[in-house]
């Protein structure tokens, strides 16, 4: 095992398998029962890059009160079931002592996991102890990692999987210059509740088109030097929005990455997008008017160029039609619809053969 791995140190009885409520020993095959959804959850956690280590106290294992052969039959069956379904444990760490023995390996003491800690194998920010007892949480504290208390009703395997693999894709960017004061918030996994105020009514409407057709939430508050013109307001808003989208995407693991969309309204709007990590814009649209509403038409291409710079994406965007209002709107709608495809989470893999985006 390489250094600094994401490791889940998982309790056995009451967490992976049901703990008998009377004698607390799984010492016969007919007492073996898996906890709900444990196998599909562990498989998904493995796919997300977690290594699995079982850590369990087995009171008096190997004594008359708990003969080794009584333990082995159901335990080996459990391991065979896990392995047959693709669940692989790097280690199975067992303390066989009674609490009164005052050994160094019984949870929550560190004896069982000492090698992992001393060898630098644990990614302390992204490793967890999962178990149903307070001693499991104490073990986590002693290891200086986080603990999750398993409960089939309130914190079952489905919820644990969600908590460990679904990270909130949100970001807030504050950008302040001599010309503008901007705050942009995006939540890529929520829709509705958009609140956009730039001082430019038509521009507000266009930004709302991106969020609405992109399927995400945007809150954008801008104060700019509109007494001069709209240049700084549009440019800096694009820079802040692109940065917010990039930060919300994180490492881009699991996203679609690519998107393509056409047409929009009566205009033929075409958009192709790659969240490649490399800024590039190819833009093709002609306007017959200098302004639509309070937005300068020359700022449309400048908006998308600034956005691609901070989002770090490759964008091909074009539209043709007879009405400038509809042409501009089709560009923003097409971009939003294409972005929706590209940011959608489809799995857990990074969509790049290079291993980084």
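Cβ coordinates come from backbone N, Cα and C, glycine included.
132 is the residue from 132, 163, 181, 189 that Swiss-Prot records in the Mg(2+) site together with 11, 13. Proximity of residue 11 (Mg(2+) binding site) to non-local residues of its own chain (separation of 6 or more, Cβ distance below 8 Å) is seen for 54, 55, 56, 107, 129, 130, 131, 132, 133, 136, 150, given in sequence order. The CA atom of residue 13 (Mg(2+) binding site) is located 13 Å away from the CA atom of residue 95 (Zn(2+) binding site). A C-beta separation below 8 Å, combined with a sequence spacing of at least six in one chain, links residue 103 (Zn(2+) binding site) to 95, 97, 109, 111. One way to see the shell of the Mg(2+) site is to take the Cβ centroid of 11, 13, 132; the remaining same-chain residues with a Cβ within 8 Å of it are 12, 14, 15, 16, 19, 56, 131, 133, 136, 150.
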